[in-house]
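Colleague: One structure is given below, represented as structure tokens, and several questions about it will come after.
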Amino acid sequence: MLCPWRTANLGLLLILTIFLVAEAEGAAQPNNSLMLQTSKENHALASSSLCMDEKQITQNYSKVLAEVNTSWPVKMATNAVLCCPPIALRNLIIITWEIILRGQPSCTKAYKKETNETKETNCTDERITWVSRPDQNSDLQIRTVAITHDGYYRCIMVTPDGNFHRGYHLQVLVTPEVTLFQNRNRTAVCKAVAGKPAAHISWIPEGDCATKQEYWSNGTVTVKSTCHWEVHNVSTVTCHVSHLTGNKSLYIELLPVPGAKKSAKLYIPYIILTIIILTIVGFIWLLKVNGCRKYKLNKTESTPVVEEDEMQPYASYTEKNNPLYDTTNKVKASEALQSEVDTDLHTL
């Protein structure tokens, strides 16, 4: 017999069991696609400006080197500010910026203090401009650095005491697009596409790997690393890409070899799931048995009391109103009286 007061609890436990089954199957099912991607910017790039503070501008030219050249890496799509030697503007005669870009004619931007004139020659890129008016600030800015801005920039300052130069070998850095996918026969392919400079790819654990580089006309490089693992106990591999703009790590699960023995770890979720299901089912069964047993026992004990209470009025009524009971009583009374009379006569 079903126990109505247990229905809600049993339904709730069954729903919980189904939910646990679905979760365990989802967790145990192997996934051949990319599992995780992490990115960490751990390379200290040069700031967008190498300019000195105004307080550091000196009038003592002996402390300023006549010519300085600096290699400066700048990340693409950022802004960059290039500075002239730290010399006060009131001591200047002419300021000239020479810009030499790859595949383009040399560009010259000049300012003459005496006439307050500016002049440009072969300068077509509108993103390369003075920071402000050249009579107030001699710095040069590049808005939204692109690959085409890779080149050499030099500031020439002419003073009564001589000429001072500061040059920049500007190296534009391009972050590669990293992908990882699995080929057949436990082979994984990791690619760092269109990076500048070329990225470096390494694997964990190490396998039988081959790396190729493809160079593009814009100066970027695509690096492709193909790696194979013969060892069957290697289930997860990690591709680590190192680059000046930051490092990235991707990992993927390899497909098991057909017929190969599965690792014991793969069965742990199913074992745990089986134990949980058996525990819940056993608990439900005990609740059902104990509840129904108590229900039947209470019903059995209450039934005789009700029948006895119901029969007593009926029996009394029958005994009082049935003529058969009256006749019997009269006969018994007559026999008793006759017995008393006989006893008295015998005594006399």
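Note that Cβ sites are derived from N, Cα and C of the backbone, with glycine treated the same way.
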Colleague: Quick one: which of Cys107, Cys123, Cys239 does Swiss-Prot link to Cys190 by a disulfide?
Modeller: Cys239
Colleague: With DSSP as the yardstick, break the domain 'Ig-like C2-type' (160-251) down into helix, strand and coil residue counts.
Modeller: 0 helix, 63 strand, 29 coil
Colleague: List only the single closest residue to Asn69 (N-linked glycosylation site), chosen from the recorded positions Cys83, Cys190, Asn233, Cys239 by CA-CA distance.
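Modeller: The smallest Cα gap between Asn69 (N-linked glycosylation site) and any of the recorded positions is with Cys83.
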Colleague: Write down the Cα-Cα distance for Cys155 (disulfide bond) and Cys123 (disulfide bond), rounded and given in Å.
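Modeller: A Cα-Cα distance of 15 Å.
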Colleague: Select the closest residue to Asn233 (N-linked glycosylation site) from the following recorded positions, measuring between CA atoms: Cys83, Asn122, Cys190, Asn218, Asn247.
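Modeller: Closest recorded candidate to Asn233 (N-linked glycosylation site) by Cα: Cys190.
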Colleague: Going by C-alpha distance, which of the recorded positions Asn116, Asn122, Cys239 is nearest to Asn218 (N-linked glycosylation site)?
Modeller: Asn122
Colleague: Per residue, counting other C-beta atoms within 10 angstroms of the C-beta, which of the disulfide-bonded residues Cys190, Cys209 reaches the highest number?
Modeller: Cys190
